[in-house]
Amino acid sequence: MTGAAGGGGPRRVSAAAKGGGRSRSAQPRAAGGSGGGSEEEEQRDGGVLFLVNKSGFPLDGQTWERMWGHVERVHPDGSAVAAAIRSASCLARPSVPPVPNYKLSMSIPEWLQAIQTYMKMLQYNHTGTQFFEIRKSRPLSGLMETAREMTRESLPIKCLEAVILGIYLTNGQPSVERFPISFKTHFSGNYFHHVVLGIYCNGRYGSLGMSRRSDLMDKPLTYRTLSDLIFEFEDSYKKYLHSVKKVKIGLYVPHEPHSFQPIEWKQLVLNVSKMMRTEVRKELEKFARDMRMKILKPSSAHSPMKERSRGKSLSPRRRQASPPRRPFRRDKS
């Protein structure tokens, strides 16, 4: 079977390869390692390939065969399970969950739960190949088109895709603020990366997302502060013997699906492993307060030629019309 099978092909292998693949949220990266030069080498994390479908739909033959080859290498049953699926004359038709629709009778927590339930029905992608290419520097309008494609294809997703889909499904709810939260953790000599969509509404924080671990994705809209939410994730990581090294918080994502502004993914970066919890809480609460007051601006709004420095103006220096005069009054300071 080749890529001509269309979007249904990868959907079939997702269930069969469950548990065999690795996701970006749990992809090991060797400490101190460096990437290679080729495009494929750039997608390596600690020697384990992180594959991305860049051919669109239906998958082209090369992407299709590469996905099956990866499944054969990482699945416990190896080539046997791949051969059984690919040689089957009749396979069960995959279910296509309906896209949730907001109703006026719904509360915001109920609507968020409906979105998370939809993501869970899509299932987590265990094939080792991310089906939808997400370029973080892409404008929001382009990422929303990718999210629409996710709802059309109805394929399993990973954590980064879930963030984009969550933004898409919460558009049109101005009382719901969305912002990305990224984690870098360390376990057994390797680094791991994960991202969820932070939610703020009516004075409470929560999250949407996807992960192989049920307590590392969605969180209810019950946390009074941003630091309470982050510490909840940190405590969840401890259950799996992961130590959180860095936390990155982005800015609120605008409710304008046609915006050409990219998402700000890491406005605040905290090396939490080198900080006391009291310090982390102080930084997070100051950042959360500034976000609520709409003080923070995305870096794309700044001059592309020069980064903003604390205490320095971004306006160009004025050209002096004449040499400065010699001061007559002595400075008494």
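Just so it is clear, glycine is given a Cβ too, placed from its N, Cα and C backbone atoms.
These numbers come from a predicted model, not from an experiment.
These features come from TrEMBL:
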- CYS159: active site (ACT_SITE)
- HIS194: active site (ACT_SITE)
- SER211: active site (ACT_SITE)
- 1-10: compositional bias 'Gly residues' (COMPBIAS)
- 11-31: compositional bias 'Low complexity' (COMPBIAS)
- 311-333: compositional bias 'Basic residues' (COMPBIAS)
- 1-44: region 'Disordered' (REGION)
- 295-333: region 'Disordered' (REGION)
Fewest-neighbour residue among active-site residues, criterion Cβ within 10 Å, set CYS159, HIS194, SER211: SER211
Residue pair SER211 (active site), CYS159 (active site) - Cα distance, angstrom, rounded: 6
